[in-house]
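Listed in TrEMBL for this protein:
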TRANSMEM  21-44  transmembrane segment
DOMAIN    26-155  domain 'Tripartite ATP-independent periplasmic transporters DctQ component'
TRANSMEM  50-68  transmembrane segment
TRANSMEM  89-110  transmembrane segment
TRANSMEM  130-150  transmembrane segment
Amino acid sequence: MAFLTRLFGGIQRIEEILLGWSIIAIAALTISNVFCRAVLQFSLPFTGELSQFFMIMVTFVGLSYAASRGRHIRMTALYDQFTPRGRKVLMIIISASTAALMLVLAWYSFQYIDTVRFLESVSPVLQVPLYLVYMLVPLGLISAAIQYALTTVRNVMSPDVYISFDVKDEYEQPLDGEI
């Protein structure tokens, strides 16, 4: 379990760095382009394209990061009706099947990327081969699959129910006077 904890922590740290710097880059690109248009009377044509590249990164790295923090939207109406043991079994099924789905989607994205590479598609302004940018998609999906697989392993090995590798499934208790 110590190896899995280190793996989880390493992946999460890389994701935090990528997400943080991507958001900063998007903001800096947008602000600089607005400044150039409003004050200097010209536009930086590459800013929109680079921002799109960073948005792809934020989306798919963010997918994995949200999975690692147990922050994805959960539909719990049925889940809440189960006993703790039933919830555990259901969480194992959900996390394992989600990991498998992420791998299937990664496989399809690799196929798409191969087509884009074959067609030699490039971005209009920067002339960046698009298959290089689109490689972020399967990498994010594979990373999310690893996060869900780690959640599955944690639920199999632990007596508690976990919604991610290190986040227990706990509900907030209402304060006195709240219903």
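One-based numbering along the chain as shown.
Glycine too: its Cβ is placed from the backbone N, Cα and C atoms.
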For the transmembrane segment (21-44), the distant same-chain contacts (Cβ-Cβ under 8 Å, at least six residues beyond its ends) come to 50-51, 54-55, 57-58, 61
Long-range neighbours of the transmembrane segment (50-68), counting only residues six or more past its ends (CB under 8 A):
8, 11-12, 15-16, 18-19, 22-23, 25-26, 29-30, 98, 123, 126, 128, 133-134, 136-137, 139-141, 143-144, 146-148, 151, 164-165
